[in-house]
């Protein structure tokens, strides 16, 4: 009995954890909290040394030459779980999701490419401007960073790929917080764009930030991938073997010189995304749901903690005019939406592609601004692109600032856009109610609102639709205000009559009674009685 109760409590607890992990809002805020905590812990004098000691503590895999600091294990090890979830999600989207129909997903796919192409150009322009005029360094071809150290333009330009990525978790968090009334087509657009963006970021990391080693390690990666593909297709999956093969794939990828987190994407793409063996849901979808808590609540928060845990000797305004920081901010905050919007316009107006029904190109701008939130993959690329620790630290600081700016801007724009869509939905609800009450779908709604010829059941409308009724039919609001004013006047006179009653005046007692009778009848009549009729009856009762 106790065992069953314990099991039930455990399952209930795990269900709560899964709900939190699958909530874009909560998981995104948790990750942001860990990122800010890492920045604070690394720069508060009392905790800076302890945090650095923990981050630099070496851990290794027995029997191998793989020895990494804890901070790098969070980046190269735990982050593999996140990339495995990305791989599973990509496989599901490519098989049965938004990417299964290339024509339907053509616009967001093209926008993902445009959103990755423009930011590097702006980053190079900003850093090249510093280099051309020797800003801070005094010598053309060199530029000074926030610490005062001088670096060559070629060294700083290696960070061109840092502002290319979009953090899907944070983007959806902003969407969930500020865009509750937006149509699902905008969320689907952002989901498709961010998914393709993740795929392109994986390709960028594999192609530009890998130091290839001996060929036989790649043979090992291929063998592990094939074994994984066979095991996960069996009727009864041997999970112990699958786990061992996954770890071996990670080791082989590490030894091959490719970033080991890409092993997660590889095996994720080899997982079945259709129902097999009579199952009710695809295995890729189920595995993703099971791994989501470990990715959202363990891997990503710890990665954010150590990725932003960068110590700065001095934190001042000069950091914001560092060519690295400023270049990343401009590239993410401006480059991402510019690239997406230009590509969307060309795709729809030149190439003849179609957006989802009811969407216009300008409707995409707030969501495009949300794509400027770099975070996870941008942090990773910053550590890979710069070998100099100061440049890497400034790049990660720039990603953090740019992501917060992009989140704030997109949050404001999405909130205003959400309000516009909510008002439009309320107007449609009101129009449908008027047509239904009139029994005529072709009726002129504005004319009906003007003459009040149709009675609407206001209780059946949403509060926002009622507000839109008053806004579009001000006479109704004015009449209601007049009746309320009459009600207030009569109540005040009723109170005066009550006071006179206390003094024992029989005439005021009668007036109080007649006044109450009047208001009782008035409430029964409702709003159908005109103001003139109400005043006439009121004078009549007062003279009785």
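Heads up, the Cβ atoms here are built off N, Cα and C, so glycines get one too.
Per TrEMBL, the listed range annotated as transmembrane segment is 70-90 (candidates: 70-90, 280-300). Most Cβ pairs within less than 8 Å of the transmembrane segment (160-179), among stretches 70-90, 188-209, 215-232, 239-271, belong to 188-209.
Residues of the same chain lying 6 or more positions beyond the ends of the transmembrane segment (70-90) and with a Cβ under 8 Å from any Cβ of it are 54-57, 59, 99, 195, 198-199, 202, 246, 250, 254, 259-269, 271, 284-285, 287-288, 291-292, 294-295, 298-300, 302-303, 305-307, 309, 376, 380, 383.
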